[in-house]
Amino acid sequence: MSCRPIWAEIDLEAIAHNISEIRNAVGFGPQIMAVVKANAYGHGAVEVAQASLRAGASWLGVARVAEGIELREAGIAAPILVLGTSPPECASELLAWDLRQTVSGLDDARALARHARNQDKTLQVHLKVDTGMGRLGLLAGPELGGDFDAAGEEVVAIQQLSGIALEGIFTHFACADSRDKSSASRQWQRFTDFLETLDTRSLPRIPVRHAANSASIIDLPRTHLDLVRAGIMLYGLYPSAEVDHAGVRLKPAMTVKARISQVKDVPAGFCVSYGSTYTTPAPTRIATVPVGYADGYTRLLSSQAHMVVHGQRVPVVGRVCMDQTLLDVGGLPEVAAGDEVVLLGSQGEACVSADELAELTGTINYEIVSTLMARVPRIFLPAVAGRHRD
């Protein structure tokens, strides 16, 4: 662990299990894209990508060109789609590293095509259709201010561009993780209506059509099409409490651990950490854990969260500092410096989940794992040729 007092264990067998569960959910028709943007949601992009491909994924999704290049430099040859926008001048890197690029309309495609033609090459692109998310994409649906005919003309023009090959077309759901699927159903209808409009034009069929994110992989099987994009569920976390947890059995892949650096006995009335916001109500024992908000353990967890020591949940007391956090271990007299603490994950029967930490901080489980900082080394289990990342 490179003398680091905090580390994250990434269970690659859990990643493989989750891919298997995704395959069971979608059947053998659609291909699976493992979305490994943002360092695989904090888990380690290269290792998670490799594990996902071994387990049956065939595509990878990233947000930025640099993320795709990192995977290529590691020797990964699978198709990689950049899901975010990229400036036209990135065309050279996209082509050099064989990356697919998302475009949101004809203007994007034209700009990229010019750069590709200058190199006498063809860039594969996927057209994003905005069916109600309101972010990137070509607007589709009159009720959204779009026009199917005009949008169809853009698709025709994109397909006719030299330097560009329109390999895919996709949309993204805003509310598929809600119990009420009416919004997702409206988006799905707009997307399929648009695809039907394209089909009536006798255009060459766009080979890869995709819509399903994690929530719709679980709850909306009609959206699976040619390819599904597995994001948060790849890491063993459900998109929300409102999707079906019974049909897909996921295993969390991340456990975050540290070692206690000091334990001290303190009297009643002892003030703890910055601002003296916590005062001990009785004599107790305070353990210092070398983890703080600079590691991604947010200050919002001050006097709110628990960690697990010796198989028991113990409370965080006082303010979380940049590099250290304090625990009240008064009920565990045997706890000593050097003992292992679990910040996220399980130890024995006790557990601190990403969902619990998200609820305490008013956010979502995605953010809890994705914001684990780079200075926390990742240890990959089972060991990947003995590798870990500092």
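Backbone N, Cα and C atoms are what each Cβ position is placed from, and that goes for glycine too.
Note: TrEMBL annotation is automatic and uncurated.
Keep in mind that what you see is a predicted model, and the values were worked out from it rather than measured.
What TrEMBL lists as active site, proton acceptor is LYS37 (among others). If you take the C-beta of LYS37 (active site, proton acceptor) and look for same-chain residues 6 or more apart in sequence within under 8 angstroms, you find ALA45, GLY61, VAL62, ALA63, ARG64, GLU67, LEU83, GLY84.
Sequence annotations record features per position, and here TrEMBL assigns N6-(pyridoxal phosphate)lysine to LYS37.
Annotation source TrEMBL lists substrate binding site at ARG135, MET322. When other Cβ atoms within 10 Å of the Cβ of ARG135 (substrate binding site) are tallied across all protein chains shown, the result is 11.
Residues or ranges marked as domain 'Alanine racemase C-terminal' in TrEMBL: 253-381. Averaged across the domain 'Alanine racemase C-terminal' (253-381), the predicted model reaches a pLDDT of 98.
What TrEMBL records for TYR274 (among others) is active site, proton acceptor. The DSSP secondary structure for TYR274 (active site, proton acceptor) is helix.
Counting only residues at least six positions away in the same chain, the Cβ atoms of GLY318, ARG319, CYS321 sit under 8 Å from the Cβ of TYR274 (active site, proton acceptor).
Following the DSSP three-state reduction, the secondary structure of LYS37 (active site, proton acceptor) is helix. Other Cβ atoms within 10 Å of the Cβ of MET322 (substrate binding site), summed over all protein chains shown, number 11. Across the range of the domain 'Alanine racemase C-terminal' (253-381), the DSSP-based residue counts are 23 helix, 50 strand, 56 coil.
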